[in-house]
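The block underneath contains the structure these notes are about, expressed in structure tokens.
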């Protein structure tokens, strides 16, 4: 047979193998999609989750612009899901959409591994271990951008494999164009994927150049396809120009405004947050490796390493793709660790950072799937046997089943109404026609969702404290807040006219022109503007506070009656993971029970008043503290300290018939409990010293009684 005949035969054989893998990969991918979609759909939260979900859903519902960089693709597709899905709350529909994104991502990971290795078991390992890790599962069933980002990670890797296997120049050109479009489209969601795009594009161009298929014309075409993928960003200036959305972020009607939003300048273009000092690069890298071992297991990490080691064998196919994927993982991990400026010692910030590790975990899962197939293949070659195929399937099955078993109870969110109840409690507690000055992601995003998407309390006006300091906020949003008077264009402690012509106003002036309405702050008040203090004070209103004119006299009995049962909150204390938004919401609602006694006690400590009135306030605070401390077995640890101090004040006052021995015993008991449960309190030494003194007093009192 001629050499040309051998070449044609090899090409035909390769084409047949690729064809079989392609059809098998599609069938397997569909099966993986169905299985993962079923699990994700079954465990979806029925209402709004925490984090950015409320804001993203509201932006989609209103067709506004989400926080930087805008996420236009997510916004438009979520709006489509809200319109087309005929069941569930608006939040549930977007949660379902994200669950389907996660299932597609799983099928693409399977497809990638199967096409690279020919191993269905390896593909199932990659898809299952990644999808059913706690981190991926948790963020695949919530209305967040991470699930769609996982989809694009899988899609870009699958297209890269497809390009490598393309047999003809025409097919390579077609895949390259589709890939260029998808690269552009992926940047319409989460920008962290640009690090993968910047690895894949040079690799594709190098392959085309090596095969002499890259010309100036083809490069121009690829650029046009990439640019076409960015078209969803047109939504930003259109939405901003129309200004129909009751909630939006930024003014993108100018090029400068568009670039400010697109480049995330309000957060810091290459940073996670504005004005934050984060953990060191080495700390974040070490935490990433530790987190990966927890999420995927050490065995998966080892298999990913094996995928690279097995490249040393001569008969391995597509080694450059394994190196490419490994390079993507390393570059992403190093860059993210460099720019993640959050302190991961704080559980909530750790929860923010770890979401971005999903992007690297997806690559590790693919490498592990390839590694499993490679280890089995090499072992079969050494043993000259095919008897390990069953072991390969058994390993993949065990890994996936273990992931589901380990994480199901944590990720089953079917009954999670925590953020929903938090927002509803805050809104329903408000008087008619009130103004709420929002502060922070938890109250801001959840209340906006309930107010704008679910139509709860349309009489209330929601104004964002932080946003009022931005020059775009009031020009865009004031018309959607008809019941609120703004004495200028921008909130600033220093009133005046800026060079741009904007009129600034302070909080005191804002409150004065809105005296006809009751105004509340949720949660907390902007520290940068203390002007309100000259004519207003903050009175506790559950998790929020009410701004009350100073001329109004505080009536403790009336206020206790108003705020004592302000919320209907039944969640157990401490039942949520500290890094979750559910934990933050639960903490806020529990601490709300303590705010009125704390306020009354503080009033007695600081205000100038007759001793009789002071004693009455101490007694009221003591009664309230005692009631909440003994009402629940588990409660916030600071309640012990506050109650102990209240007992000590009652003891010193001797204004009641209360037994001094009982008060001393209570003071000692709760100071001791507090010191045990909060050993890192800066006042720990003082508390221990006080305990020593109080025990002596108690002993002396008992001795006197005995005599």
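Even glycines carry a Cβ here, placed using N, Cα and C.
Of the given residue ranges 168-188, 189-209, Swiss-Prot assigns the label transmembrane segment to 189-209. The stretch that Swiss-Prot tags with transmembrane segment, taken from the ranges 50-70, 71-91, is 71-91. Range annotated as transmembrane segment by Swiss-Prot, chosen from 141-161, 246-266: 141-161.
The range from 318-338, 381-401, 402-422 that Swiss-Prot describes as transmembrane segment is residues 318-338. Your range for transmembrane segment, going by Swiss-Prot and the list 94-114, 115-135, is 94-114. The range from 356-376, 440-460, 461-481 that Swiss-Prot describes as transmembrane segment is residues 356-376. Same-chain residues lying 6+ beyond the ends of the transmembrane segment (71-91) with a Cβ under 8 Å from its Cβ atoms: 45-49, 53-54, 56-57, 59-61, 63-65, 97, 143, 145, 148, 185, 188-190, 232-236, 420, 449, 453-454. For residue 535 (N-linked glycosylation site), the count of additional Cβ atoms within 10 Å of its Cβ stands at 13 [all protein chains shown].
Remark: of the glycosylation sites 407, 568, the most isolated position is 568 (fewest other Cβ atoms within 10 Å of its Cβ). Residues of the same chain lying 6 or more positions beyond the ends of the transmembrane segment (94-114) and with a Cβ under 8 Å from any Cβ of it are 21, 24-26, 28-30, 32-34, 36-37, 40-41, 44-45, 49, 53, 56-57, 60, 77-78, 81-82, 85, 88, 120, 122-128, 130-131, 136-137, 140-144, 147-148, 150-151, 153-155, 157-158, 161, 362, 365-366, 369-370, 373. The largest share of C-beta pairs under 8 angstroms with the transmembrane segment (141-161) comes from 189-209, of the ranges 189-209, 222-242, 318-338, 356-376.
Per-residue confidence over the topological domain 'Lumenal' (377-707) averages out at a pLDDT of 92.
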